[in-house]
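What TrEMBL lists as FAD binding site is 156, 157, 158, 159, 193, 451, 452, 453, 454. Marked as domain 'HpaB/PvcC/4-BUDH N-terminal' by TrEMBL: 5-270. For 284-475, the entry in TrEMBL reads domain 'HpaB/PvcC/4-BUDH C-terminal'.
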């Protein structure tokens with residue numbers, strides 16, 4: 001089938017009837033009507049509908065080599081630098097619908113799967129590896145325009161120990177049985193963003209050193225028997241876009257994924273019982289370069305939005321003349337232009353990889369992903385410092401339809417806005433940086449691609465520093 005519509009996405013997810021729990025209660029009925037999921041599913045449906053727009057089709061889709069049908073451009077395996085630019089433009093077009101607030105929009109996982117499928121040659125001839133299953137899954141998802149989530153993280157039980165402590169029941173998901181039908185998996189994994197509201201789930205576990213059976217990877221539908229999604233508290237405070245302009249629309253639920261003797265059919269297993277592959281495949285594949293290219297493209301859009309919020313506050317209350325205000329706004333400008341330059345540099349310095357794909361420069365992207373976890377919390381701080389008491393002077397929409405409207409109109413006006421427009425702006429700034437939704441966004445960006453300290457360590461160890469040491473040695477001779 002060609003790219004699907006938003007209504008098809010919602011209908012298919014409703015039909016899945018995945019086992020989802022929110023606030024101690026199992027979700028029944030249509031998941032798209034549940035308050036915790038209604039807004040984000042509607043926003044996600046909008047992304048699918050954009051692919052149907054005649055004016056955007058050429059920017060968001062390309063024709064399948066298999067069927068000739070239009071398919072999402074985020075599935076495209078880039079063969080040229082022009083293809084990389086097309087991918088960036090499509091990703092940013094989609095990201096602007098949510099101002100970069102939806103980190104798990106379909107194009108992210110589409111990119112991840114594309115990268116894994118392009119690297120299946122690394123599994124050829126390896127024991128207990130099924131490269132054809134990854135390729136088949138990629139084609140299945142691509143041709144049916146399916147949505148995915150993933151779960152890569154171990155439960156936080158004892159991060160100070162390399163070895164798992166023996167327990168009566170598995171805590172971290174593991175293979176407990178190998179049968180003629182497939183693998184039986186039991187235990188839990190973190191942290192499936194949009195868990196339960198996607199068609200499929202991708203599971204990858206690197207495993208423990210010297211434990212041959214601890215690493216494996218597979219994909220399964222979200223409604224697989226024995227699969228359960230335990231959600232955190234919803235950060236949707238209400239449906240009013242006046243009161244909650246971001247959280248009412250873009251709140252992506254996070255969930256713990258529980259496997260209760262889940263059967264993973266053999267045709268969905270990517271690899272198992274091969275610790276060397278399990279610990280090296282993600283790193284050796286093109287998952288990280290292409291994944292970071294997508295992430296950085298979105299983060300730039302998010303940075304543009306944060307700069308827009310800051311400048312809107314500055315203009316609203318007329319504080320542009322203060323030097324410290326100009327300095328704070330300039331911090332975001334510098335970050336924005338730096339990130340944009342790094343993204344373009346990664347494309348200009350892209351090289352053909354061993355699979356024949358044009359791969360963006362990995363080192364450049366690693367620099368960018370080391371910058372953003374540091375600057376994004378600063379963006380939120382700048383909004384708070386400039387908004388100050390205004391972020392607490394934010395009556396709700398209902399107040400503007402009450403007898404106190406006259407008082408609000410008088411006392412909450414600003415230099416550039418009437419009271420209603422000023423409150424809308426400051427509620428937006430609050431929702432982006434201070435609500436439960438906003439603070440989750442900050443935490444999310446801190447750890448989006450892993451522990452920032454480990455990312456920095458990896459960059460240091462793998463960056464070629466010898467040419468610069470030689471410069472010093474030459475000068476000292």
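Using the three backbone atoms N, Cα and C, a Cβ is placed for every residue, glycine included.
In sequence order, 370, 373, 374, 446 are the residues near residue 452 (FAD binding site), counting only same-chain partners six or more apart with C-beta under 8 A. Residues near residue 156 (FAD binding site) in space but far in sequence (CB under 8 A, at least 6 apart, same chain), listed by position: 190.
Set side by side, the binding-site residues 158, 193, 454 differ in how many other CB atoms lie within 10 angstroms of their CB, and the most is found at 193. In the three-state DSSP assignment, the secondary structure recorded for residue 158 (FAD binding site) is coil. Each residue in the domain 'HpaB/PvcC/4-BUDH N-terminal' (5-270) has a pLDDT score, and their mean in this model is 96.
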